[in-house]
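One structure is given here, and the rest of the page talks about it.
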Amino acid sequence: MVLQLENGNSNGTSPEPKPISFDDPKLTPLLTTSLASSKPFFFTIGSNKREFMMHSALVASQSPTFERLVNNTNFKEGQSCRVDLENVEEETFIRFSQFAYTGKYDEGEVEAPPVDDEPVNPPSEPLAPAEDDSWGFGVTSTGKKKKGKSGWTSDEPAPLSAGPKGIYDQTSRTIVFEALAQKFVKRVSKLAAGPSTDTKKIQVGGRATSNPYLLHAKIFVFADYWGVTGLKEVSLCKLSSALQDVGSRVNTKGVRDRLVALVEYCYNEPRPEELLELVDLYAAFRLPQLWSREMASKVPSQRRINVYVRWRPLAASETESCQIDSKTNSSNADGPSLLSVSINRQASPIDRAWASASSFDGVLDVDADNHSAYQLIVANAIPKIMQGGAFSVFAYGHSGSGKTHTIIGYDYDNDKRLGLALAAARSLFAALEPLVNNSGHELDPDSAKGKEPPLGIGLSLFEVRRKTALDLLNHGTECHIREGPDGKTHIRGETELLGGGKVRVCPIVQQPCWAFTSLREELIRALSRRAVGSSTVHDQSSRTHAVLEFEVVSQRLIDARQALYDRQSELVPVGKRATDISIEEQSRGFIRGPGGTGWVPNPDYQIDQARIDAAEAEKAEFEARVAAAEVNLEDVLRSGRLASPCLGGKMVFVDLAGAEYHREKGSAAHIPKQTPQEQQEGRQINADLLALKEVIRAVARSEKGTRIPFRASPLTMVLREHFRQGDGQGDSDLSGASNLSSSAMVVTVSPAREQFAATLNSLKYGSLVGAV
């Protein structure tokens, strides 16, 4: 039987594709009346916009996500029976279509390596393969332990023997790689118990596969994104089988380059955990063969945060004769050009200059305005936000150094003086305008009957003060910072009691804004509620950490989130009632034993298990509603990104409270008197800033699974999800692990001599952050 799966481009310029022949018996049950009579569903694949067709009933049967995409007429894709998957390669989609129709897919014809493909960079002392070692791993195919040179036979790697220079010797290294190889064997054995990967060759338009390892990995990522469980299992089995069959061919350049491409693909962007686990193990024990100078140059740089220095001008009360001498020096090292800053107090001839490490990405002098700061720090992030990425900025510095001026600004009508946040919001609205004007393509049919623009910016603003968060968009409502059972940090206000036994859960308010002017007005109104007080520098210092977040939203996304909050609010009283009933019944069903020791069943009362079960059943029903609302929110975000990739893109601006430093001896600076409460706040601010530095350094240096001290302070707890997005676990990103995410820190400093110690400490802080 022959099914035509591919069509040419809409312009008719592509060659006529070859039909795919299916003669597998497994295809027969799929050829039902409902499948054959279902309408076609079209996929536009890749940058070339090549069009493919599949039966809609078959597409819908692959996963719940595809089912909602095909059958939900509220979605544009469901109405037009067409979806554009620009980021999916043709080769990957063809294998998906094969799997959908036959339950399997093939690799096609693998391109032969060059004739002169000789071994390159073999290990100086290769691992001695074991007897009957068909893989060349140094272990047998049955996974039996092989005795190493040192006689170590444990399942765990042998201790590393330190050589003269602290480098473990060749014997220990061999044992370590043998142990890693055994772990890989065990992992592959588990996968081998999954779906069969024995497939019959299917000719697909004469295509040849240049890298089968990378093909399987891309198919797995595609299946994981769309929730096609069967395809995930098959592709992972095929990848493990392909890696198993490499054997000693790993030392040939063609094979090695393909394996290096697989490793790079898995780590250039966040990938599913199952795929990383398999590639981790293989790359670990193949390190001597895979690692080379060329591969080292391709490894992504550490997840460092870009750090900038901004000097504020001297105040009217400060004189130029009392100014710090500062210089900016360029780095001559290879790689990214980083800057160092040196300062000298110049108070006496014996004063020596202090110089930072080369850790700053840019320095703004006293003449640079906010517009220059925006162009240097933020402007390049806007295109990434329009692709759904994330960008975060911290403003760090001592009190009175210009942090709030940099992030927010004070002249809201002058474009050159807008702070980084407002300037970014204005640029975002300008970038969204073409999408808003194209309402025939982008407009959400369910959003206020077409009256609201399809895309806007959701504004959130809260401040962290001591141990709580204050929602400035909700009249400064005090919110609790808690870690939930899901491992995420939740910021919620007091649960409100409503009539009829109902309650309302109050999360941080997100105000949708459909124009820059409305966002600016909401932001100014909220900022007026921010707490200020006396610091060691002046009496109008910000005494809290302000967290300002912009998110590209649609009305449908807002409605889906509100529905989730409503379902969670409905669950609260039901869950409490179930807990109360269980406690009540258990309390009445047991009494103190003789002598007041222990508990024994109450002979006068029989526990009403039916009452407990009824309450638990009601609770389970409402929990299912919450789960359904979560799935719907995920579907709305995913389907919305198909039409507008920018949906969900975030920018986070953190205006940190001014760091507190003790006055230097002999300083003539006037220090306002602080109350005991303000002194306590100063200590909490310093603790928060120290914790933030440690978290940033830990994130930049850590390997996957390493503990990061997010719970060290309330500030790092509320920023946890922004840090974790780089590992595919959060909603935003500070880690820079994804090429669509980045972050920056602006260290604001004063050139005044009387604030030399505070300036020095600020530069040391920024240097530590930028040097990781």
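Note that Cβ sites are derived from N, Cα and C of the backbone, with glycine treated the same way.
If you look up TrEMBL, you'll see 1-14 marked as compositional bias 'Polar residues'.
Positions annotated as region 'Disordered' by TrEMBL: 1-25 (among others).
Looking only at the domain 'BTB' (39-109), the predicted model's pLDDT averages out at 86. Marked as domain 'BTB' by TrEMBL: 39-109.
Positions annotated as compositional bias 'Acidic residues' by TrEMBL: 108-119.
Annotation comment: TrEMBL describes 108-165 (among others) as region 'Disordered'.
What TrEMBL records for 304-772 is domain 'Kinesin motor'.
Residues or ranges marked as ATP binding site by TrEMBL: Gly397, His398, Ser399, Gly400, Ser401, Gly402, Lys403, Thr404. Cβ neighbours within 10 Å of Gly400 (ATP binding site), excluding its own Cβ and spanning all shown chains: 20.
With a threshold of 8 Å between CB atoms, the same-chain residues lying at least 6 positions outside the coiled coil (605-639) that come near it are 64-65, 68-69, 75, 77, 556-557, 560-561, 563-564, 566-568, 570-571, 574-575, 577-578, 581-582, 585-586, 588-589, 647-648. Feature annotation from TrEMBL assigns coiled coil to 605-639.
Every protein chain considered, the tally of other Cβ atoms within 10 Å of the Cβ of Gly402 (ATP binding site) stands at 18. There are 26 other Cβ atoms within 10 Å of the Cβ belonging to Ser401 (ATP binding site).
The Cβ neighbour count for Thr404 (ATP binding site), using a 10 Å radius over every protein chain in view, is 22. In terms of DSSP secondary structure, the domain 'BTB' (39-109) contains 31 helix, 17 strand, 23 coil.
The binding-site residues under consideration are His398, Lys403. Their Cβ neighbour counts within 10 Å are lowest for His398.
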